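Right, one structure below, let's go through it.
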Amino acid sequence: MLQVNEIRANFSQACERLNARNFENPEEVLGNVLKLEDLRKQIQLERDTLQAESNTISKQIGKLMQAGNKEEAEKIKLRTSEIKTQVKSLEESYSQTETELTQILYTIPNIPHSSVPAGKSAEDNEIVLENGTVPQLEEGNKSPHWELIKKYDIVDFELGVKIAGAGFPVYKGKGAKMQRALINFFLDEAEKAGYTEVQPPILINEESGYATGQLPDKEGQMYFAQEDGLYLIPTAEVPITNMYRDVILQEDELPKKNTGYTPCFRREAGSWGAHVRGLNRLHQFDKVEIVQVTHPDNSYNTLEEMSLHVQGLLQKLELPYRVLRLCGGDLGFTSALTFDMEVYSAAQERWLEVSSVSNFETYQTNRLKLRFKNKDKKTVLAHTLNGSALALPRIMAAILENNQSENGIKMPKALVPYLGFDTIA
RNA sequence: AGAGGAGUGGCAGAGUGGUCGAAUGCGGCGGUCUUGAAAACCGUUGUACCGCGAGGUACCGGGGGUUCGAAUCCCUCCUCCUCUGCCA
């Protein structure tokens, strides 16, 4: 959620940046925010003044009662009942105004960083760099992963359909082992990079969903357990970042670095099509996430650091990849700047997104009330960042496709100690 | 899941209708003393919002109510502890 005082201080700049992500009528919407806040302040002033008077009178009544002067006390009581009705109605318009204000703020996405290119869709994303060589597969060994997993019997979609439904694969044998190996590899690498591992709940309450911005924006994309009012997490970002909700840190405690492995659940309603075969898009998948809470001055250095960490993983897995700077139209609702990492999937002959590394600046911390005490002992909002490091299914798809040959599928060296085998044949 | 008990400032813990934003202790911060440290002593020490300021308002698990006035009384929800039951 944007900070109103920031909107006020940088109004035209905010409007201009929101245009970069195709937000409609920023002037009108942000203007409304300011108007509503002014109104809120005005109502508060009125209410507080009346309340102050009422408090004073109440104290007088207390003294009179103690002195035994009941008559005088009854007399001034009249005024307080008058105040009471006024305060009550002011109270109502206050909370109404405040609700209206937050409702609007919930609909406003984060303001894109100045480096975010304007653009409508993924096609306008900027390619920052490409790394690694795209393998040339020989004819006859150019199968997409959905054929390979059948051939070697390592992932079974039909079985998943029987148990749950489409998009819930069953990993079997070496396929299951690959999952476990990747999770351990990613967690170990994150730990080496200074992240503390956590295992959070994978169901979250409504408050957590609002705090990191999945609600109300992505309501329909999360599975919901009606009976208990809990959502299945779409990413570990939600529970991990929410560990710091309502927390005031000391400046020297920053940065906070956490990593966690969780399953992730996405309903992805209506997004089934040609490009979502096999492991490309699932309702349930595994992911290791990295999350940082930083000083506002450092968050963009941290974003770079996190991006390099993810790239390091891809290099160790010997996967060709590229890094994209997302354009305004493709930028997530809560993000100020996002880099996507895509690996090349040699049989599908296309790039697959495997990680998204984002800086949310204060957009999340404002809702989280995640702050720190700076050197001047002032309490200020921290910045949050997170990134996938990494999401498993598409990594698995790319490893399978890129390393296939007539002798089977060769595993990346870095993974062999975790797997206990070097080939799937 | 049932019965009982409890939720107060960083922590411990008092307060059961009026001057309580809240005693006291510990911790933290500043100072005196000391070559330095410890001890001792003195002072200070929550958050948010409104106001140019003086200052004001709200917050004692969350929400609602009674009252001129609520940490204190009532309702409701949540959490924790103890016992019983169930269970990976």
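Note that Cβ sites are derived from N, Cα and C of the backbone, with glycine treated the same way.
Remember, TrEMBL labels are computer predictions, not curated facts.
On a predicted model such as this, the values are computed, not experimentally measured, just so you know.
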Key: Candidate from A:ARG266, A:ARG322, A:ARG325 that TrEMBL assigns to the same L-serine site as A:THR235, A:GLU289, A:ASN386   = A:ARG266
Remark   = Nearest by Cα to A:VAL354 (ATP binding site), of the binding-site residues A:ARG266, A:GLU289, A:ASN386, is A:GLU289
Note = DSSP, reduced to three states, assigns A:GLU353 (ATP binding site) to strand
Inquiry  = Give me the long-range Cβ neighbours of A:SER356 (ATP binding site): same chain, 6+ apart, Cβ under 8 Å, in sequence order.
reply    = A:GLY332, A:THR338, A:PHE339, A:ASP340, A:MET341, A:GLY387, A:SER388
Key: Cα-to-Cα gap, A:ARG266 (L-serine binding site) vs A:SER355 (ATP binding site), nearest whole Å   = 16
Note = By a three-class reduction of DSSP, A:GLU289 (L-serine binding site) is assigned strand
Ask   = In the structure shown, with every protein chain counted, which of the binding-site residues A:GLU268, A:GLU289, A:GLU353 has the densest set of Cβ atoms within 10 angstroms of its Cβ?
value = A:GLU289
Query = Pick from A:ARG266, A:ARG267: which of these binding-site residues has the biggest number of other Cβ atoms within 10 Å of its Cβ?
reply = A:ARG266
